[in-house]
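Engineer: Positions annotated as N-linked glycosylation site by Swiss-Prot: 58, 105, 761, 1193, 1291, 1335, 1500. Positions annotated as disulfide bond by Swiss-Prot: 202-213, 207-222, 224-234, 408-444, 614-643, 651-662, 656-671, 673-683, 1022-1050, 1057-1068, 1062-1077, 1079-1089. Taken from Swiss-Prot, the feature domain 'Laminin G-like 2' applies to 260-444. Here Swiss-Prot flags 647-684 as domain 'EGF-like 2'.
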């Protein structure tokens, strides 16, 4: 009876449903008429929804569908374009278009679906899909209008339509039917010019025997349930047997009438049927279901527990069955012939079991049969059955996957001999034993796919929420890459202090990580008792294919599966809790790693290897993570929401520059810049070079103690020494070190892990490797070290050495990375020798430390070495006479020898080195007729090797000498680049005793010298960089005995200004007994301007150096000079700013704007700007900028580039000159005109300067990089800051580099420069620098300057004639003009009014190329009595000395280019002359050479000023008349600078800049022009 009732109910249900199907087969026929439309209720397409219909047409254009938001931004439009369907849509005014590939105007029926998923919209035509994605600010679409098919009403206002022109689009012509919003049918609101059409796919009546036709997925389908027939067309008689129609009726297979027993699962919902009250025991059973999904892995159904269970799942797109009857699991995999089952199409699964035989079939075609183990035939189930996901899929017995299912399941039925469970129907009707967890939707909805993401760069990453796992958990994902290394996943817990056996604290954390290293996948786990590292792959997994990783943990144990290969693991210790905190990082780590504790065992993290490749289907504890959405929300840089592998090799286009090696990565090229001297993505940026002289070093101090088990180290070096420390890691607490040094011309790698301190049992001491030969050849060599645990590999150029460390201890501890000198010596028994040479491109675990230190990107860098490829002269010593010598301890060179030294001399002969020994053994090095001789005797008789230099070496230039002897008794002598080699047979050992004599012998020893030794006198000259077989002696302090005149440093024989006397455009100032160099405007210091000035590095966070003048000593200036050296990569920032007292508003600012340097200043009127427009300066190279101002006139010059000039315009001076010509006799016009010109009423004074701000932090325009040698109007502010001047405050990220450089004083010869103090200057100019390590001088800053005078507390603008009481802080009554710090000062009478002070110096006019015009008559005040005249270099004065002008300023054409060591236009200086172009106030249209600086004192009263004006003008005229009358015909009565003799014709050298006066006219030497060309000085 129950069967009958059930049948009646079924019949009624089907009948009512098929009644609605008749309506669905009625379509809409559109005729293509104007103003035709069919209007449906609004479709909610805001976030997620599907729309579908079927259509047929033979036209190529027409509007199919349209909706919008009422004329604002959003719309969706479907139309036909050239016979294909076009989808246009817009969200938040961002628009895109999708065009189908398939032609549809073929008069055939086509199925169309539009799928909305937030910013993504898909278009599917007959199963072929495309999608478009928008970068909109909001992830939803606003929909206001109803939905229109076939066209739109013409009566709608165009302004109410979002898409312009939609009303003008042609209407659709054809048939449409079966319009659905998801699975529901929308209500038709109205139509116009549209007919109902009964045709359609079912119009041909394909069903026989009364079967009812309906559409299923766009195809006609027959319902035969009421006919008694079966088959596709209801043509098969059911009574003929239990065929397919019988199965369809009894099992409700694919009937549309039973589609309501469908459920959608999104990963967290699941169904559970309770079997605990009625356990099932059966010998045979059957499971049937259908599924539809995009997902590759996921649980479909599970029943049973322990050893009795059935598990059905998707595994990598195939159907997996695992069944266990208690005797062992039977596993079966069914895979399709083409593609995968996760194609979002319906697939039918049937599992049958009869005793031990198990059969599984998919879609009735693909079938697999097998047998369970042993004789167990009963399946017992007394637990719950799960449909779809489960609460913990990873913990289910036999589950091959840990993912929950995402997709649709329908008609899930379990039956055996006794029971039939229609699980889908039971869930839908809410049966008591069927529990529903989550929001299960009982219809099939579109489930968003878990799109893959692509990490395009190693720096890319995304962060995931905290993983709440304690005792158990699971993670699964797929990855795909071609790169061998990368951190895939890391999460860790709170730091904990743990103590080892020696009570050494060590910060440890619980952590969980997955990494790809050398192509293999590793799982790392630490639960508090030590780290385990599990290798999960047998072959490399970086072949570009997808790999599925499934990790399941239960307490301490678990498994990791890669594809189908399982690897079990067990954590250390007893803890079963994994205590995690904070985010989980996927693909890499953030740049700011504050708070991150990186496990030592996680090598990819320590080596900075980020993952580059694709990841998809991330499930944590069975629940999916939409990582594409997370990446979008985090705006993750370098993460792309797609995954496709480029077919073309990236290196085929040869993207790497400078001979770098190109490697193909994942959709990218990788340029290996090692050994090129460059860095960057394509190795396009030149790496910084550090020069070391044996006393210099760079030390990187780690922000915290580092522990590593893997290191990548690479760098380039160049040296002439055979010994010296290159790079080493050092620890403050242990003897741990990884050290690379030169040892006998080879690179020695020593790794020492301090096993004793941590009480480990198996350590044999340091591991040592050697590679390379004769590397002290002054050529670049590349070193690379790779350590992975116990494995070591050292590569020097092409020489490779490998080794394996003995012992279990592999952890390296270090606090510092040191180069040049090892400063951390507490645990070092033998300190390595210091390095002399050059180092470049030091990379340690992915960080380029030299450039990071130079650019200020790290704050923990001690820098004593010097930037740039420099000629290194270390520790020079001068032997002033041939009788001078010293002795050192015996030379130790028994089995082998490496000697190196540098010398410079003008003598052709002399002893350099001598050491005698046992028997006849000796060694001697001497200079004979200008050539080096190496003489020795090892016991077989004396031998001599003579250098083969191209010319004699006594040319007063530095030369390098290398002498070596190896174990094979091969001797070589290398002088500069010339090498002579000789093999000596016989004795191989050199047994020396007694003292080693340097530069000479005691007087009585010359008569007893061995044969072949030619010298009978000592060496006169300079020795430097002496290396005695790895020992660097201090020739003076280490000497056992000294005789004669021996001084530290190297003084040359020249005492007059030469073209190479001053480097870097310094000005040579000739004195009677020598010369000095004015380095003010060079940014350098030292006696020869070749030592760097005080240098500060400003970091990323910004810094400020603020100098404040004392309140009673604030200067006001008419002219200013500013110079500074810098290197930076920022596009915008303020370098220096000088401000006047509050309320005045005067300022001067040097800044970088859009990468270009410029100056803006205001002296009381408007802002005046001058800028270098030609070339950006933020290229990371070292530049020197010079700025001069005289009134409103200004010049700006960068390096030796053309000078930029600014001259104001106006008519004031023209009017004044016209007045002069009318009122004053003609012959006095010119001097008075010049005087009036200077006193123009334009504002020219920079008033009451109060402070100098360096770094830009106070203005919010931060400067990052280095500043060096800042000079402003006599103040060397950076030197003052380094000496802790009380008027200077330093804030922020500002770091002094090296030590305070000394300031040159007045010397009478070219004396030894002070020690090479550290700076940060990038230059390609090779400059000789002589240095010492002792007797460092401190800089002395003079408070006076050439153009400053205190205005005390009197703050007034330039032209305000307001009484102001001057400060009494200065007692001098004369104007003091300092030519250079420590130099002479010229004094002139004090002028009480600023407007009546005559021009101190008038300069000739010049063009924009700074050439000189005919000179003008020069006016100056009388100099003080007793002032010594200063003559041009090389010029002798045979006449009586007359008072000379205070200062004469001439412009200096730039002499250096960055890529040249030659002068462009060497000039000879006049005594005390400046070399920097300055600016003079001048009349409009006439450009003049910049003049001298002026200092203004303000008058005490207006009355005094007026009286002074009258008196001074009368006095000047009288003096002028008297002078011209008295000296008119007397040549001998005045001194004229004879400039025709000032030129020194020496060729330009590499380290000097001199200044030469131009003649006013080529005819000035003629006698008849003599009187006209005189310069008169009063």
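Glycine too: its Cβ is placed from the backbone N, Cα and C atoms.
Map these features onto the structure and tell me what's around them.
Structural biologist: For residue 58 (N-linked glycosylation site), the same-chain residues lying six or more positions away in sequence with a CB closer than 8 A to its CB are 105, 106, 107, 173, 174. The DSSP secondary structure for residue 58 (N-linked glycosylation site) is coil.
Other Cβ atoms within 10 Å of the Cβ of residue 105 (N-linked glycosylation site) number 19 in total over all chains.
Following the DSSP three-state reduction, the secondary structure of residue 222 (disulfide bond) is strand.
The average pLDDT for the domain 'Laminin G-like 2' (260-444) in the predicted structure is 81.
Following the DSSP three-state reduction, the secondary structure of residue 444 (disulfide bond) is coil.
In sequence order, 452, 453, 454, 455, 479, 480, 481, 643, 666 constitute the residues six or more apart from residue 614 (disulfide bond) in its chain with CB-CB distances below 8 Å.
Sequence-distant contacts of the domain 'EGF-like 2' (647-684) (same chain, at least 6 residues past either end, Cβ-Cβ under 8 Å): 454, 456-457, 481-483, 544, 612-614, 714, 716, 780, 782, 784, 840-841, 843, 848, 851.
Classification of residue 651 (disulfide bond) by DSSP places it within a helix. With a cut-off of 8 Å between CB atoms and residues at least 6 apart in sequence, the same chain places 662, 663, 664, 669 near residue 651 (disulfide bond), listed in sequence order.
The Cβ of residue 671 (disulfide bond) lies under 8 Å from the Cβ of 655, 656, 657, 660, 661, 662, 663, 680, 681, 682, 683, each of these being in the same chain and 6 or more residues away along the sequence.
DSSP assigns residue 683 (disulfide bond) to coil, not to a helix or a strand.
Secondary structure at residue 1022 (disulfide bond), taken from DSSP and collapsed to helix, strand or coil, is strand. Counting only same-chain residues six or more apart in sequence, the Cβ atoms lying under 8 angstroms from the Cβ of residue 1022 (disulfide bond) belong to 876, 877, 878, 879, 903, 904, 905, 958, 1050.
All protein chains included, residue 1057 (disulfide bond) registers 28 other Cβ atoms within 10 Å of its own Cβ. Annotation note: residue 1057 (disulfide bond) sits in a coil segment as assigned by DSSP.
According to DSSP, residue 1077 (disulfide bond) is assigned to a strand segment.
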Engineer: Based on Cα distances to residue 444 (disulfide bond), point out the closest of the recorded positions 207, 1089, 1193, 1291.
Structural biologist: 207
Engineer: Using Cβ atoms only, which residues of the same chain lie under 8 Å from residue 673 (disulfide bond) while being at least 6 residues apart in sequence?
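Structural biologist: Residues satisfying the criterion: 656, 658, 660, 679, 680, 683, 687, 841.
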Engineer: Cα within 10 Å of residue 1068 (disulfide bond): which of the disulfide-bonded residues 222, 1062, 1077, 1079 qualify?
Structural biologist: 1062, 1077, 1079
Engineer: Would you identify which of the disulfide-bonded residues 234, 1062 has the most other C-beta atoms lying within 10 angstroms of its C-beta?
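Structural biologist: When each Cβ's neighbours within 10 Å are tallied, 1062 tops the list.
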Engineer: By CA-CA distance, flag whichever of 207, 1057, 1062, 1089, 1291 among the recorded positions is nearest to residue 408 (disulfide bond).
Structural biologist: 207
Engineer: CA-CA, which of the recorded positions 224, 234, 1193 lies nearest residue 1079 (disulfide bond)?
Structural biologist: 1193
Engineer: Let me check the 10 A CB neighbour count of residue 444 (disulfide bond). How many other CB atoms are there?
Structural biologist: 18
Engineer: Across all protein chains in the structure, which of the disulfide-bonded residues 224, 643, 683, 1068 has the highest Cβ count within 10 Å?
Structural biologist: 1068
Engineer: Among the recorded positions 222, 1062, 1077, 1089, 1193, 1291, whose Cα is within 10 A of the Cα of residue 234 (disulfide bond)?
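Structural biologist: So the list is 222.
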Engineer: In whole Å, how far does the CA atom of residue 222 (disulfide bond) lie from that of residue 1057 (disulfide bond)?
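Structural biologist: Per the Cα atoms, residue 222 (disulfide bond) and residue 1057 (disulfide bond) stand 111 Å apart.
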Engineer: Suppose we draw a 10 Å sphere around the Cβ of residue 662 (disulfide bond). How many other Cβ atoms does it contain, all chains included?
Structural biologist: 19
Engineer: Near residue 1291 (N-linked glycosylation site), which residues of its chain come within a Cβ-Cβ distance under 8 Å, counting only those 6 or more away in sequence?
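Structural biologist: In sequence order, 1103, 1104, 1106, 1257 meet the Cβ cut-off.
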Engineer: Taking only C-alpha atoms and a 10 A limit, tell me which of 224, 1062, 1077 are near residue 1089 (disulfide bond). These are the disulfide-bonded residues.
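Structural biologist: If one measures from the Cα of residue 1089 (disulfide bond), the disulfide-bonded residues that come within 10 Å are 1062, 1077.
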